Amino acid sequence: MRYLTAGESHGRALVTIVEGLPAGVPVDLAAIDRDLARRQSGYGRGGRMKIEQDRVQVLSGIRHGKTLGSPVALLVENRDWLNWTEVMSPAPLEAYTDPRAAQKVRTRPRPGHADLAGALKYDHADLRNVLERASARETAARVAAGSLAKQYLAPFGIRVAGYVRSIGPVEAQPPAGLDLDGIVARAEASPVRCPDPAASARMVEEIDAAKRDGDSLGGVVEVVAAGLPPGLGSHVHWDRKLDGALGAALLSIQAAKGVEIGDGFLGARRRGSEVHDEIGWSPDRGYFRYTNRAGGLEGGMTNGMDLVVRVAFKPIATLYKPLRSVEIDTHVEAAAGIERSDVCAVPAAAVIAECVTAFELARFVAEKFGGDSLEEALRNFRGYLEQIARR
């Protein structure tokens, strides 16, 4: 199973093609729209969110509410395209006829963004040729793919949820004593998608302060997946390890700078006796762990405990009090360019990381249990659970 996305931030639309879903997966388009709306929400978002009202359109692969087994093509329109038709026109253009369009040319790269490296690599004179695709607007297409993946995982009893653990210097307390439903309920009631109400209020204050200063904020999101059977992934080769795939996928999200699974870097500072999860067995549960410091992964495979993964996101590169840069055509020092942007996109990043994680899990479920139809995959899944129960 894989997906591709296409589209620029201010182009006509974003397109996602998902290949490898079996036939017969029930699809709720309203659920995809809800995830798209969740991505657009969150305290600290910018003016673009007032323009876009993301809704998914199906171009292929779904009929009468179920997948066909053929590639699924999804489209999300960019409503802001109407304001950018000349700037983003695919037709040859000698000169802009609209003076406002000429002002959209970008020649001052932003520190922390793809602008300069992309211009050098692809030999672009206008940084817009880089920033349009590098923009996090592309993640709407990834959320559509991941939301579809969550619907594939649901019949297997697998659930995935993302929420915010920190923004700037404010860290939330771990959501102890709450099941996944309780965590989700608290997080979705928070303006910053944080299940800790006290920390949530302080995060809002930090975002307000950064906005006043013309600055931006990053943070850490946590994704939990429940209901995973042991044995997804493999220890046999590097590219079959689930933790490796998750790390690659999550680090590919715009502004992601670090990933840890379970106790992660904290475990590196402790002794083995304080890190590794002791194993137990009972007739009703089978094998289990007394703790979950490994975050549900050992040797590149799920071990039956909840998957817990955290992703660190740097502050957004666009600053309204810009840092030093240079004009790429003259090499003269100048303030970095400014694009319409968010102050903090960490609440949105929680949704994106949730959906990216869901797609990777769906990929490994499909690889493990196969099946050209959902029913065939579920039969294989049930057979595997019966095999495990006999151990």
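Glycine residues also receive a Cβ, built from the backbone N, Cα and C atoms like all the rest.
What Swiss-Prot records for Arg39, Arg45 is NADP(+) binding site. Per Swiss-Prot, the feature FMN binding site maps to Arg133, Ala134, Ser135, Gln254, Ala255, Gly299, Lys314, Pro315, Ile316, Ala317, Thr318, Arg340.
There are 26 other CB atoms within 10 A of the CB of Ile316 (FMN binding site), with all protein chains counted. Across the residues annotated as binding FMN (Arg133, Ala134, Ser135, Gln254, Ala255, Gly299, Lys314, Pro315, Ile316, Ala317, Thr318, Arg340), the two Cα atoms farthest apart lie 43 Å from each other.
Burial estimate for the binding-site residues (Arg39, Arg45, Lys314): highest at Arg39, by number of other CB atoms within 10 Å. For Ile316 (FMN binding site) paired with Arg39 (NADP(+) binding site), the C-alpha to C-alpha distance reads 16 Å. In the shown protein chains, 17 other C-beta atoms lie within 10 A of the C-beta of Arg133 (FMN binding site).
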